[in-house]
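Novice: Got these off TrEMBL a minute ago, pasting:
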type	residues	note
DOMAIN	10-358	domain 'Amino acid transporter transmembrane'
TRANSMEM	39-61	transmembrane segment
TRANSMEM	86-107	transmembrane segment
TRANSMEM	127-146	transmembrane segment
TRANSMEM	158-179	transmembrane segment
TRANSMEM	199-219	transmembrane segment
TRANSMEM	240-260	transmembrane segment
TRANSMEM	280-305	transmembrane segment
TRANSMEM	326-345	transmembrane segment
Amino acid sequence: MTAADMVWSSSLKNTINLGNSIIGVSILAMPYCFEKCGIVLSSVLLLASGLVTRITCHLLLKSAITARRRNYEFLAFHTFGPTGKLVVEIGILGFLLGSCVAFFVVMGDLAPPLASDFFLLEASPRLRLTVLLLLGTCVGLPLGLLRRLDSLTSLSALSLGFYCLLVFKVFVESFPVLWSGAWWDRVVLWRHDNLLSVLPIFAMALSCQPQLFEIFDTVNDPSLKRMNSVVNGAVQMCSGVYIMMGFFGYVAFCGAGGPLPGNVLVRLGSSLSSEFLKLGFVATLVVSFPLCLFPCRTSLHSLLFKRGSKFHDPSYDYIPDGQFRLLTVLLVGATLVTACMVPNIEIVLGLTGSTIGTQM
């Protein structure tokens, strides 16, 4: 393999990991957002969000390379001092904790009915709690204890492939409506009345600034051009998936049983393919959870254990094993408890995007 092939392969792996960290649970809320704002306005907002993400990532990368820092918190300390570092740490923690909670909320929507049907159990709040605890402690926690993000590349590729399969399933659901032409009279192209309620979801749908430095840290010789290529590829891929999911989901389910929910999968029927998709989506969420957990743990460690100025040198970037395990268990436990108390995904995404997300 030539040097150029190795660089291309590494960039592809980084694009896959970054894309999987972007797409997450927001894909399920896209039909809901398209119904609220209309097809054209929603598409414009997604494209604008992608443009803002690419610009901000470019500025962050340029600053990091110039300052020779590979960590969001170190860069903030180098640029703005202790106060800037504190603001960045709080912003990242709030943003990513909200994202981690959203992962578990969707798992709580999809996994208990599947477990109820498969094991012939009564669907109840206790079953939801049990399933979430099992997924969090038996799958999410072990994956969260991995140290390097590039070890998740294969799982990220499978997750992205599944998201494409999900979009195809929704397209199949919408095809009869598209073929008949009846959708044109049922959908809305532009509706700005509900803009404020869904703008936070669009704003955080393509956000990847916290995860960017986890990718950046795994590259041996990162250049600005190479990292910009990774960001552009991931953002463009996710924007396309979001727009297709929003459009086809809106066309397929609008006007059929009231307003669309924040989790469009609950509108799918009880066919074998639908159940398989729900099970697969739960699996992708579990394996994608560490992509949000990694930078969240880094920020929490920086906030709690790196107070002195000497600790902001790149040589002090390593997290000791004891602190590493403690922070991982603490973060997984906190997000699990919160998810058990918050039932709706649109509430989590909206609150996270409208409060902490504005700091990012």
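Glycine is treated like the rest: Cβ placed from N, Cα and C.
A TrEMBL annotation is a machine prediction, not a hand-curated record.
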Novice: Short question: most Cβ pairs under 8 Å with the transmembrane segment (240-260), which of 39-61, 86-107, 127-146, 199-219, 326-345?
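Specialist: So the stretch in question is 39-61.
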Novice: I'm a bit unsure how to read this: which one of 127-146, 199-219, 280-305, 326-345 has the highest number of Cβ pairs shorter than 8 Å with the transmembrane segment (86-107)?
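Specialist: Highest pair count goes to 280-305.
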Novice: Among 39-61, 280-305, 326-345, which stretch has the highest count of C-beta pairs below 8 Å with the transmembrane segment (199-219)?
Specialist: 39-61
Novice: Quickly jot the same-chain residues contacting the transmembrane segment (39-61) by Cβ under 8 Å, restricted to those at least six beyond its ends, or write none.
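Specialist: Contacts with the transmembrane segment (39-61): 30, 33, 72, 75, 187-192, 195, 198-199, 202-203, 205-209, 212-213, 216, 222, 224, 227-228, 231-232, 235-236, 238-239, 242-243, 246-247, 250.
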